[in-house]
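These come from TrEMBL:
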- TYR239, 252-256, 292-299, 389-391: FAD binding site (BINDING)
- 494-507: compositional bias 'Basic residues' (COMPBIAS)
- 5-141: domain 'Photolyase/cryptochrome alpha/beta' (DOMAIN)
- TRP323: site 'Electron transfer via tryptophanyl radical' (SITE)
- TRP376: site 'Electron transfer via tryptophanyl radical' (SITE)
- TRP399: site 'Electron transfer via tryptophanyl radical' (SITE)
Amino acid sequence: MSTPRTVICLLRNDLRLHDNELFHWAQRNAEHIVPLYCFDPRHYVGTYNFNLPKTGPFRLRFLLESVQDLRNMLLSKGSNLVVRKGKPEEVVADLIKQLGSVSSVAFHEEVASEELNVEKKVKEVCAQLKVKVHTCWGSTLFHREDLPFHHMSRLPDVYTEFRKAVESQSRVRPVLQTPERLNPLPPGLEEGAIPTAEDLQQPEPVTDPRSAFPCTGGESSALARLKRYFWDTDAVATYKETRNGLIGVDYSTKFSPWLALGCISPRYIYHQIKKYERERTANQSTYWVIFELLWRDYFKFVGIKYGNKIFQVKGLQGKSVPWKMDTKLFDAWKEGRTGVPFVDANMRELALTGFMSNRGRQNVASFLTKDLGLDWRLGAEWFEYLLIDHDVCSNYGNWLYSAGIGNDPRENRKFNMIKQALDYDNNGEYVRRWVPELGAIRGADVHTPWNLSSAALSHAGVSLGETYPNPIVTAPEWSRHLSKKPGGAGPSPRGKKGPSHTPKQHRDKGIDFYFSRSKNL
């Protein structure tokens, strides 16, 4: 009798059972399957340029929850998740030697250099040990092989051209069904304990009740979130109107953290949207979810086309910009002490919850690069550290974009912090939520405390330079909006739950600025 074959499925950012080609392939090609997740020590060191922490507490908690959820899902299918601490290439080599029956190692291909380096080393180990390697592509909505460009070098450098080409010439593949049962682990293989944050020398995060993302990691939570957002509340039908909100769980889909770890498949989201459009309603909002998934795809494919250029100071365009390195300015930005309340509120939300709205991200990135003139990579690495939903291609692609050295058809796009604050937090509720030292300043005045009289500041218990900083920079264009603030106190015009609905005049601004000719953002 021949020895039963074993396939190791090396899992990384594909922590799900649904629409996962690895499990389908392994089920057809082996009697035993080893689903394997490695806590790679390289993920818990410093970032590449500035040695900032690489994996922050909120993302780590979300990852640990996702790994535990995948183990539970696999157990329900007659399998289990094998967990190890160590470099994947070393863990895989040890398992091949230990088991003696491994015929293949399978994994999903990634895009960026650190992940590709792991793939290269795993392939080298397998070649030495005479084990086959099988790879899949599964992280994007459109499969890499289905793009209407003969080679990735032909990928357009403008998103709109990419979007129009794939929408007219490509199709989204169907979702692979979740297996009813999976072939078991080889007998006698230890499952391995899932580490704690402490085991990985990382701090435990403190949950903040103000968080806009109070969700847990894992495929189960991801599928429940989609069910709630689409089918239980119909929130998806107003997504385009609400997506620029700042407060609450339901102003946007919040799929990004689960997408980043592969707990939910972009194809599954797409086909659920199509089902919703058939059964409930099809409108600009339902399309806009797909529009944003296409941005995510685009940044992945840009990462393939440009390789390490996405991390380099000159960006995709090879443009030399005299960026500053000023530790005091950077510390003020990252700690939410710039003296510009809309910036500070967003940066504090990020530090205290691991999440920030899309609107906030665009603004704080513009402030760092355009108002402070700091090296964009400082911002990118700070986001890499803290964001629950950090996705390497989306993060670095968006920062290049903000810095004006990425995929942007317009030069010198700069956000006006005061106009943005008045547009999207016109009663100041969001700022007061995260900058409580300004809590007694009523209405939109909270966005420009330096413009208030000493009597008004004294009445609000604010002493600039003592209880709250003076602004570390002011831009001349801000002054155009100081006289336009909506007056004083009163309830938020956006309802009891705060600004979860974007005012009508700003509803079409999302990635919106991308299509706008106006410099007055």
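For all residues, glycine too, the Cβ spot is worked out from N, Cα and C.
Automated prediction, rather than curation, is the source of TrEMBL annotations.
Model, not experiment: these values are computed from the prediction.
The distance from the Cα of TRP323 (site 'Electron transfer via tryptophanyl radical') to the Cα of LYS254 (FAD binding site) comes to 33 Å.
The distance from the Cα of LYS254 (FAD binding site) to the Cα of TRP399 (site 'Electron transfer via tryptophanyl radical') comes to 20 Å. Applying DSSP to the domain 'Photolyase/cryptochrome alpha/beta' (5-141) sorts its residues as follows: 60 helix, 32 strand, 45 coil.
For TYR298 (FAD binding site), the same-chain residues lying six or more positions away in sequence with a CB closer than 8 A to its CB are TYR159, PHE162, ARG163, GLY397, ASN407. Of the recorded residues, TYR239 (FAD binding site) and TRP399 (site 'Electron transfer via tryptophanyl radical') place their C-alpha atoms 24 Å from one another.
Counting only the Cα atoms, the space from TRP376 (site 'Electron transfer via tryptophanyl radical') to TRP295 (FAD binding site) is about 20 angstrom.
Computed over the domain 'Photolyase/cryptochrome alpha/beta' (5-141), the whole-number mean pLDDT of the model equals 97.
Using a 10 Å Cβ-Cβ cutoff, TRP323 (site 'Electron transfer via tryptophanyl radical') registers 16 neighbours.
Between the candidate recorded positions, TYR239, TRP295, TRP399, the densest Cβ environment within 10 Å is the one around TRP399.
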